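Below is one structure, written out as structure tokens, with a few remarks after it.
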Amino acid sequence: MNIHEYQAKELLAKYGVGIPAGYPALTVEEALEGAKKLPGPLYVVKAQIHAGGRGKGTFKELGPDAKGGVRLSDSLEAVETNAREMLGNTLVTVQTGDAGKEVNRLYITDGVDIAEEYYLSLLVDRASGEVALIVSTEGGMDIEEVAHSTPEKITTITIDPAQGFMPHHGRAVAFALKLKGDLNKQAQKLAKQLYTAFVDLDCEMLEINPLVETKDEQLLVLDTKMSFDSNALYRHKDVAELRDESEEDPMEIEASKHDLAYIKLDGDIGCMVNGAGLAMATMDIIKLNGAFPANFLDVGGGANKEKVTAAFKIILSDPAVKGILVNIFGGIMRCDIIAEGIVAAAKEVDLSVPLVVRLEGTNVEKGKEILETSGLPIVSADDLGDAAKKIVGEVKQAA
Ligand code: ADP
Ligand code: MG
């Protein structure tokens, strides 16, 4: 789960992290109210969307010459104008895709006198099972570009979570950022605060870009992106409340209501599978047969008729779907029960695309019989390879 910049900053402030003052706003009036509480005379109006690259972004409605989603404003009038221009318009950045994202929230924050921009992030390094702290003196720019062309400018420090954050980790961060004197001390302290927040809150990723050194030698977090391990959200009710569903894919929200693991993808073959491993294998074999999956969907081990119906509805609500492949292994759940669920669901949702079903496991013969005698145009498949071949063939034929 992702949250907005202003929410992440509020969370980090609780850990003592240096953050410029700021206020979220949903209207032009609120933006002005927020600005009036700040010292001025330099304010920054920032679009709050779940995507980065806002500064270099463009608004669909305003054309390529207008300013982006992070605007320095040197008066209250400028705050008002900028807020008015941004709210309700669509911001397109390198991370939003061509469709862009509508800006419904702003963050009005103190303008900072920047001396240097650095990069710092924390993430779970799955290969080592440790927390990776990634730092670079080249912040503010496109960090992917730095990683690609000058990888020596990026330092990775890994922290064993069993051992926790040690003073030498802090020194390594300050050294990598080439900081001296008090700034060096500030960096050590900041690294520890960020690590503590990261572990405490079960983050998946915490990125500070830029982390800035101000002209009066303060280290401040100017921008931050935070994402959380959804499986751990039950431990953090306050974080879970920060979810902004208007920023998420409506189909993924619907899926989570039915406890279905669904991720939208770019292809045209909808998949309904039980078990994440089987779902991965199903997507692979669709690709092997020259097509692309429209989604990842794991209905879970205890899939019943209601879940299967909900899954069908979600898959079919995606206009890109040209065919559906159901691949279910009946272990705990018997194949005949699953077949009944599929038939009932297919009737209920008024199936309009080819459907190939591969069942395996307990009572598979009974299950296949139910599919065959259902009167529905369901194509039965014997194994995974056969199923993939059949659905790709059916979709090509229908096109
Ligand atoms: P994004 O990464 O989405 O483009 P940022 O918050 O990183 O958005 O802002 C882009 C740039 O705008 C920063 O690299 C920084 O130079 C400038 N900026 C952002 N916030 C402030 C601020 N409070 N004061 C001064 N400059 C800022
Ligand atoms: Mg940024």
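These residue numbers are counts, starting from 1, taken along the chain as shown.
Placed from the backbone N, Cα and C atoms, the Cβ positions cover glycine too.
On a predicted model such as this, the values are computed, not experimentally measured, just so you know.
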Besides G331, I332, M333, which of N209, N231, N274 does TrEMBL list for that substrate site?
N274
Among N209, N274, which are binding-site residues, the residue with the most C-beta atoms within 10 angstroms of its C-beta:
N274
Please identify, among the binding-site residues R54, V112, E117, the one with the smallest Cα-Cα distance to I332 (substrate binding site).
R54
So among the binding-site residues V112, I332, M333, who's got the most Cβ atoms within 10 Å?
M333
Residues with Cβ closer than 8 Å to the Cβ of G331 (substrate binding site), same chain and 6+ apart in sequence?
G301, G361, T362
For the substrate site as recorded (N274, G331, I332, M333), determine the largest distance between any two Cα atoms, in Å, rounded to the nearest integer.
11
Summarise the model's confidence over the domain 'ATP-grasp' (9-241) as a mean pLDDT value.
95
Of R54, G55, I332, binding-site residues neighbouring ligand 1, Cβ under 6 A:
R54, G55
